[in-house]
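For reference, the structure is listed below as structure tokens.
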Amino acid sequence: MRKIAIYGKGGIGKSTTTQNTVAGLAEMGRKVMVVGCDPKADSTRLLLGGLSQKTVLDTLRTEGEDVELDDIRKVGFSKSICVESGGPEPGVGCAGRGIITSINLLEQLGAYASTQALDYVFYDVLGDVVCGGFAMPIREGKAREIYIVVSGEMMAMYAANNICKGIVKFAEAGGVRLGGLICNSRKVDNEKEMIEAFARQLGTQMIHFVPRDNMVQRAEINRKTVIEFDPAHSQADEYRSLARKIEDNDMHVIPKPMHTDHLEKLLIEHGLAA
């Protein structure tokens, strides 16, 4: 079983990318569980056809300790298994603690047991690794492979660089490695070349360039992944390609985060000022 966490700047398209990739893997016959690690609980919505799923924390609040595995997971597109950690009420408590509670409960209930015959577990993690709770999947070795969703925008690259610093911090203790960058295009000038150069500097690869296409939004409005909504569309093939590349990937590295000055220089060389 491969344990993969998807990180990236808030709003970069992590949840959309994760769900479409999971749809691609599930379509290939892989058994995949997705664990949403975001208080918004929107990491599985497209796989579930828009159904709002009761989160682990909400279930614990209402059911107490008397919780069974099927209370906190639902079956989505192509038999994918969907779990949402959830979070505290806004302004109260720590969302990072919610992730820790949720993953520990899943372990106790046997969600990762060999009898479940999982090929993949994906953690869709909120934002940056500034908070210990959100770093939990890599800190505790729950995830062994990290993919960072990035674009050619400056703040997305800053966030990716910071996430790499977090990976380095936990790499030796937790055994976590970076599998690559996924460029979720924003149609920035020289974007593909810039992210390829950024990946080289980090000592990793741009595993896939996902072009920007309105079909993604169209599918989301219809509460589906692109692969389910329009399986013959070229954008569906992009996500299938990403799924296959992750399946075949054997490049797992401890990244070499860039100094801020060097990152800004790369942006100037390849970016809008080029």
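Using N, Cα and C of the backbone, Cβ positions are placed for all residues, glycine too.
In Swiss-Prot this protein carries:
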type	residues	note
BINDING	Gly8, Lys9, Gly10, Gly11, Ile12, Gly13, Lys14, Ser15	ATP binding site
BINDING	Cys94, Cys131	[4Fe-4S] cluster binding site
MOD_RES	Arg97	ADP-ribosylarginine
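Looking at Gly11 (ATP binding site) and Arg97 (ADP-ribosylarginine), their Cα atoms lie 22 Å from each other. Around Gly13 (ATP binding site), the same-chain residues at least 6 positions away in sequence with a Cβ under 8 Å from its Cβ are Val149, Asn184.
Of all the binding-site residues listed (Ile12, Cys94), Ile12 sits in the most crowded Cβ setting, with the most other Cβ atoms within 10 Å. Annotation for the binding-site residues Gly8, Gly10, Gly11: lowest Cβ count within 10 Å of the residue's own Cβ, Gly11. Sequence-distant neighbours of Ser15 (ATP binding site) (same chain, six or more apart, CB under 8 Å from its CB) are Gly36, Asp38, Asp42, Ser43, Arg45, Asp124, listed in sequence order. When the Cα atoms are compared, Gly10 (ATP binding site) and Cys94 ([4Fe-4S] cluster binding site) turn out to be 18 Å apart.
Here the Cα atom of Ile12 (ATP binding site) is found 23 Å from that of Cys94 ([4Fe-4S] cluster binding site).
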